[in-house]
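Database features (Swiss-Prot):
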- Glu126: active site, proton donor (ACT_SITE)
- Cys12, Cys96, Cys198: [4Fe-4S] cluster binding site (BINDING)
- His41, His74, His124, Ser226, Ser227, Asn228, Ser270: dimethylallyl diphosphate binding site (BINDING)
- His41, His74, His124, Ser226, Ser227, Asn228, Ser270: isopentenyl diphosphate binding site (BINDING)
- His41, His74, His124, Thr168, Ser226, Ser227, Asn228, Ser270: (2E)-4-hydroxy-3-methylbut-2-enyl diphosphate binding site (BINDING)
Amino acid sequence: MQIKLANPRGFCAGVDRAIEIVNRALDVFGPPIYVRHEVVHNKFVVDNLRQRGAIFVEELDQVPDNVIVIFSAHGVSQAVRKEAEGRGLKVFDATCPLVTKVHMEVVRYSRDGHECVLIGHEGHPEVEGTMGQYDASNGGAIYLVEDEADVAALEVRKPEALHYVTQTTLSMDDTSKVIDALRAKFPQIQGPRKNDICYATQNRQDAVKELADQCDMVLVVGSPNSSNSNRLRELAERMGTPAYLIDGAEDMQRGWFDGVRRIGITAGASAPEVLVRGVIAQLREWGASEEQELEGREENITFSMPKELRVKAL
């Protein structure tokens with residue numbers, strides 16, 4: 001069996017920053033540090049931070065007074081921010097800056113009283129945070145659509161003042177179809193100047209297409225609740241290549257690889273490289289040859305840390 005590795009794969013700049021914020025907060029202030037929602041959607045990462053003293057909660061009413069709280073990379077609603085401020089909690093915001101960009105777009109449309117359509121997956125924390133940026137008291141409204149059927153059923157009050165934004169971790173191909181449907185139904189709709197789907201999502205989807213084209217099977221390292229990891233698995237399957245989403249080597253079954261000559265491996269943006277290495281090691285034990293890394297797009301984007309952690313960690 002040959003092993004081919006997608007490039008790029010794994011951690012993006014927003015995930016790197018979010019994990020580092022939790023680690024530095026633990027270093028500087030000591031445990032416990034409370035984190036609202038999993039800081040990133042990866043079991044291995046969350047378990048490691050939990051062992052260091054991070055406490056993960058879903059709502060702020062689970063957080064005692066006078067503690068440090070970190071908002072996850074997925075972002076939070078304005079209501080959550082106001083609740084934290086009202087309680088006087090010390091907050092470090094690990095929201096990915098590319099998610100914050102979408103939040104700012106929604107706030108602007110809300111302030112102008114313009115209606116906004118968010119393309120995204122209902123129930124995902126990023127979507128909940130983005131929807132929660134919109135203040136309908138200025139006369140507008142925000143609508144969530146997931147697919148073309150949702151667009152067909154959508155009714156708005158002022159199509160001449162309508163905008164759309166997207167969740168940052170969607171399938172580019174699926175999102176393009178939804179945008180086309182929105183433009184067909186609402187010709188005056190306006191989108192962001194730059195695509196909201198983040199650079200890392202785009203790069204990893206491009207890389208998995210190349211990988212699936214060269215392999216008999218694709219393994220996507222990522223947790224089941226990771227949106228971008230699920231999109232990678234779906235994309236490989238759409239290209240006709242069997243694909244599995246796995247948290248790590250322990251999820252693999254030997255029988256999957258019967259008759260497989262070329263195995264492709266990629267990782268979602270929240271999955272660390274150590275998990276990929278564990279998968280490779282297991283495959284090598286099962287007789288796979290040395291891995292080959294495909295050529296890909298170089299990523300050199302970094303995001304700065306919150307000032308207080310940046311100074312105190314020196």
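The chain as shown is numbered from 1 upward.
Here the Cβ of each residue, glycine as well, is placed from N, Cα and C on the backbone.
Structure coloured by features recorded in Swiss-Prot.
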{"residue": "Cys12", "record": "[4Fe-4S] cluster binding site", "Cβ contacts under 8 Å, 6 or more apart": "Cys198, Tyr199, Ala200, Ala269, Glu299, Ile301"}
{"residue": "His41", "record": "dimethylallyl diphosphate binding site", "Cβ contacts under 8 Å, 6 or more apart": "Gly222, Ser223, Asn225, Ser226, Ser227, Ser229, Ser270"}
{"residue": "Cys96", "record": "[4Fe-4S] cluster binding site", "Cβ contacts under 8 Å, 6 or more apart": "Gly14, Val15, Arg17, Ala18, Ala73, His74, Gly75, Thr168, Cys198, Phe303"}
{"residue": "His124", "record": "dimethylallyl diphosphate binding site", "Cβ contacts under 8 Å, 6 or more apart": "His74, Gln167, Ser227"}
{"residue": "Glu126", "record": "active site, proton donor", "Cβ contacts under 8 Å, 6 or more apart": "His74, Gly75, Val99, Gly120, Gln167, Thr168, Thr169, Ser227"}
{"residue": "Asn228", "record": "dimethylallyl diphosphate binding site", "Cβ contacts under 8 Å, 6 or more apart": "Thr169, Ala200, Thr201, Arg204, Gly222, Gly268, Ala269, Ser270"}
Mind telling me which of the binding-site residues Thr168, Ser226, Ser227, Ser270 has the densest Cβ neighbourhood, counting other Cβ atoms within 10 Å?
Ser270
Cβ neighbour count (within 10 Å, all chains shown) around His74 (dimethylallyl diphosphate binding site)
28
Once the chains shown are all counted, how many other Cβ atoms turn up within 10 Å of the Cβ of Cys198 ([4Fe-4S] cluster binding site)?
26
Largest CA-to-CA spread of isopentenyl diphosphate binders His41, His74, His124, Ser226, Ser227, Asn228, Ser270, angstrom:
15
Given the (2E)-4-hydroxy-3-methylbut-2-enyl diphosphate site His41, His74, His124, Thr168, Ser226, Ser227, Asn228, Ser270, its other Cβ neighbours within 8 Å of the Cβ centroid, in chain order, are Val40, Glu126, Thr169, Asn225, Ser229, Gly268, Ala269
Cβ within 8 Å of the [4Fe-4S] cluster site's Cβ centroid: which residues qualify beyond Cys12, Cys96, Cys198?
Ala13, Gly14, Val15, Ala73, Pro97, Leu98, Val99, Thr168, Thr169, Tyr199, Ala200, Thr201, Ala269
